[in-house]
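Some features that Swiss-Prot has for this protein:
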BINDING   107, 108, 109, 110, 111, 131, 132, 144, 153  NAD(+) binding site
BINDING   186, 251, 268  Zn(2+) binding site
């Protein structure tokens with residue numbers, strides 16, 4: 001059964017289609033969008049080996065002229081050098097303004113493909129076909145694209161909404177356990193910031209650390225409710241003028257930890273899990289949140305097999321310094337997303353270095 005979620009925007013609205021066994025229908029889906037005939041399919045070697053032929057065959061059967069390119073996997077390759085390679089391929093294949101880049105992969109592939117599409121010829125079409133849980137519920141939706149700078153995550157980027165997002169839940173069966181767990185961090189995030197019912201459903205599941213232990217109906221809820229939450233928030237605030245900032249819950253400390261470990265030690269979702277633990281405890285210490293609710297959140301993070309402690313030996317002062325490079329800094333103050341109850345958060349710039357240090361020293 002196909003679920004369709006609409007992302008309603010003033011500029012360009014689009015659909016998120018959640019449909020099992022839909023990868024071989026990608027060509028048909030794109031044909032209905034009235035795009036130009038030239039397509040560049042961007043993936044990584046592992047994903048392309050699993051799904052590349054199916055996607056290319058489907059696109060060609062629908063009449064598209066398809067070129068494909070695989071970028072190395074991993075956050076440390078999310079750089080301007082990789083974008084330059086995509087520009088070279090776009091030039092070789094004479095991509096035009098009516099052409100489309102299709103991102104077939106996880107968050108890194110989606111972010112880079114989106115940024116390349118946003119900047120090639122001042123903007124061409126992009127379609128997101130996420131293959132990880134994290135990308136399905138978060139990064140493929142909303143138009144945030146970009147690459148990392150040596151001093152910070154996603155400091156170089158642009159807003160560029162996709163024309164379409166296609167999610168095939170069956171792809172999750174090929175996902176390594178660690179990648180699945182990383183995606184669960186973003187799912188838990190939605191429960192904390194927006195959807196208390198989703199949070200409750202996650203609590204009722206005995207396990208969240210592996211797909212095979214989660215009931216199919218909960219997997220459906222994880223995908224549809226998470227995508228709906230993201231669509232609701234983005235629909236109200238496309239370019240993070242206010243409300244959309246709540247989607248950064250757990251990401252403030254999380255991004256700093258990723259940067260300090262050179263994007264090698266932790267998956268993005270693992271760092272976000274640590275960041276949610278930190279933000280939750282800061283909220284408790286500021287008397288914004290109940291300790292009991294923070295404990296419920298942390299129990300879910302642990303149940304998903306995610307870390308709740310900082311990596312051993314990580315420099316706390318280094319984290320605090322890295323926070324000053326966070327994209328959400330305004331007038332020199334770090335803006336934190338902090339929960340006030342399950343399903344509700346607030347954004348504040350009143351978190352001091354001492355507040356952060358006190359919590360991190362206990363982690």
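Using the three backbone atoms N, Cα and C, a Cβ is placed for every residue, glycine included.
Residue pairs drawn from 107, 108, 109, 110, 111, 131, 132, 144, 153, the listed NAD(+) binders, are separated by up to 21 Å at the Cα level. If you measure from the Cα atom of residue 109 (NAD(+) binding site) to that of residue 251 (Zn(2+) binding site), you get 19 Å. Sequence-distant contacts (6 or more apart, same chain, Cβ under 8 Å) of residue 268 (Zn(2+) binding site) comprise 75, 107, 134, 182, 254, 258. Looking only at Cα atoms, residue 186 (Zn(2+) binding site) sits nearest to 132 among the binding-site residues 111, 132, 153. Within 8 Å of the centroid defined by the CB atoms of 186, 251, 268, the record's Zn(2+) site, lie the Cβ atoms of 134, 138, 185, 189, 250, 254, 269, 271, 272, 275, excluding the listed residues themselves.
Here residue 251 (Zn(2+) binding site) is positioned 18 angstrom away from residue 132 (NAD(+) binding site), judged by their C-alpha atoms.
Between residue 153 (NAD(+) binding site) and residue 251 (Zn(2+) binding site), the C-alpha separation comes to 10 Å. In the three-state DSSP scheme, residue 132 (NAD(+) binding site) falls into the coil class.
For the binding-site residues given as 111, 186, the lowest number of other CB atoms within 10 Å of the residue's CB is seen at 111.
Contacts of residue 251 (Zn(2+) binding site) defined by a Cβ separation under 8 A and a same-chain sequence distance of 6+ are given as 272, 275, in order along the sequence.
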